[in-house]
Structures are given as C-alpha cells and as structure tokens.
Amino acid sequence: MTTCILQMRNAFFCQLGIGIFANALLLVFHILLFLLEHRPKATDLTIGHLALIHLVMLLTMGIMATDIFGSQNFWDDIECKAVLYLYRLMRGLSICTTCLLSVLQAITLSPRSSCLAKFKHKCSHHNPCVFLFLWVFNMSVSVRFIISTISTPNVTSDYLMLVTESCSFWPLSYLLRYVFSTLVTFRDVSFVGLMALSSGYMVVLLNRHKRQFQHLHSTILSPKASPGKRATQTILLLMSFFVVMYFLDCVVSSYSGMLWNNDPVRLCVHMLVGNGYATISPLVLISTEKRIIKFLTSMWGKE
C-alpha cells in the first residue's frame, strides 16, 4: 500500500470514528428527549431521524472499508447487495430528511399571517407518515443497486466497476439505467430544489426580522438572538454545507463514472467526500444546541 493511500485511509477512518461518535451522541440525546420531554420541538424528531440515518450510513461505510482496504474474507453476491443497497438507501434518505428539516424550520419560523402557519400544529402529527413515505420511496429508487451489484468474479472485465475488493457494479441495460436515472434525478432535483426554496424563504424572514429590530431602539430588547433565530441559522448553515458537499460528490461521482476504472485513490477521495456531510452535520447540531451542551455538562459534572 502506497504512502498516499495509507494517509487517505487513516484520514477516512478518523473521519468515520468522529462521525459515528457524534451521530450516536445526537441520536441518544434525542431519544431521551423524546421519552422525557413533554413538548419537544417540531424539528427534534427529524434531527433524531437524520442522526440515525447517518449513523447507519457511516457504520455501513465502515463495513465496506474493511473490504476496500483488503479484507481476507471475500463477500458473496447476497452480502454485496445487502451492504451496498443499505448504504445507498441511507444516502437517499439523508437528502430527503435534510430537505424535510429545512422545510420544518421554515414552517416554524413563518409568521402567523403566512400560509405556512396552518401547518405549524400539524407537523409533529404527520412526521411519522412522512418518514414512512420517504423510506418506501427511497427503497424503491435504490433497488438498482440490488440489480447491478455482483460479487467480483475471478476473471477481469472492462465492463465491471470495482466498488470494494469483493463487490462490483455491472452495467444495467439502457432501459433500466434510464428509468432509475430518471427517478434519482427527480428525487435529487425535487428535494434539493425544495431545500433551496425553504432556505431562501428563511433568509428573507431573517432579513425582515433584522430590519424590524434595527428600527427598534428600546433598551428592553435583548441584543442576543432568539432561540428560533439561532436554530434557523444552524439549519441554514447545514443546508449550505450540504449543497456544497452534494455538488462536490456529484463531480467526483461523474468523474469516476467516466473513468470506469478501479483506482484506489479515487475510491478514497469519493468516500471522504461522500461521508463529509454525515460527519460534520451532527457536530454542528451539537455545538449549537444548548440543551445538548447542558446535558453533557451535567453528565460530566456527575462523573
């Protein structure tokens, strides 16, 4: 193993460890919050769901990494299909749940005169139904990875794209490739577009609140940002980072698809980029959530 690949492998496993720990912490906190809190925020369940998705995604990526970096145990077709299908399913759910989080925060921030205000009290009741729809939809879209994933044969072939040491992608027929590409494009464009609209709406509302605040010179008003504003700024930061990582991942994926080769450096770069959002997002949410900080401080004080 060359020095470059070794360094990238170490960076990847470091990223993986940080992401797994942060998402596990975020998930445990929101489970306790759901069990103990009488009136959780509208976004709490969605953030917990996102943490679960990213935790499973990173754990699955860790399993794949053991085979990418030369495991002695080769997987069969069923193991390859199961691992890669689960990973791609989690990636799709990550996009959809991030979009849902942005929309919920936009609804929460919207004024009473807005048409979105009527959804404020319905959000928490309809969340489980939305989650079920997202799971069923993404399970259907990700079926392509069950069809195209095979255990890497002993013979070499120019038509195979190596994913791990044991697993490869076999090119689909034109019809299936067109159908699944259309579904994936529809999902990504729809949810990323909705995410951009809700984020833009929140930016407009924040600017409006800022202008209104500037016209008020009363000393009674606190200069500190309200909890709702801080939460909105956190969500906007997440959305911005997600969009950057999403398009960067699209560029790397397109480049890999054009090459259609088995370059280990390409695989390492793709993994680092692909897991960037799942690793950074829980750190952002933890660092900006006072309830988690208080919880950690109290736990640390007891020890």
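Cβ atoms here come from the backbone N, Cα and C positions, even for glycine.
From a predicted model like this one, the values you see are computed outputs, not experimental measurements.
Annotated features in TrEMBL:
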{"type": "DOMAIN", "residues": "22-285", "note": "domain 'G-protein coupled receptors family 1 profile'"}
{"type": "TRANSMEM", "residues": "12-35", "note": "transmembrane segment"}
{"type": "TRANSMEM", "residues": "47-69", "note": "transmembrane segment"}
{"type": "TRANSMEM", "residues": "130-147", "note": "transmembrane segment"}
{"type": "TRANSMEM", "residues": "186-206", "note": "transmembrane segment"}
{"type": "TRANSMEM", "residues": "234-255", "note": "transmembrane segment"}
{"type": "TRANSMEM", "residues": "267-286", "note": "transmembrane segment"}
Range from 12-35, 47-69, 130-147, 186-206 with the greatest count of C-beta pairs under 8 A to the transmembrane segment (267-286): 12-35
Folded-back contacts onto the transmembrane segment (47-69), same chain, C-beta under 8 angstroms, at least six residues removed: 1, 9, 12-13, 16, 19-20, 23-24, 26-27, 30-31, 33-34, 75, 83-84, 86-87, 90-91, 93-94, 97-98, 101, 131, 163-167, 264, 267, 271, 274-275, 278-279, 281-282, 285
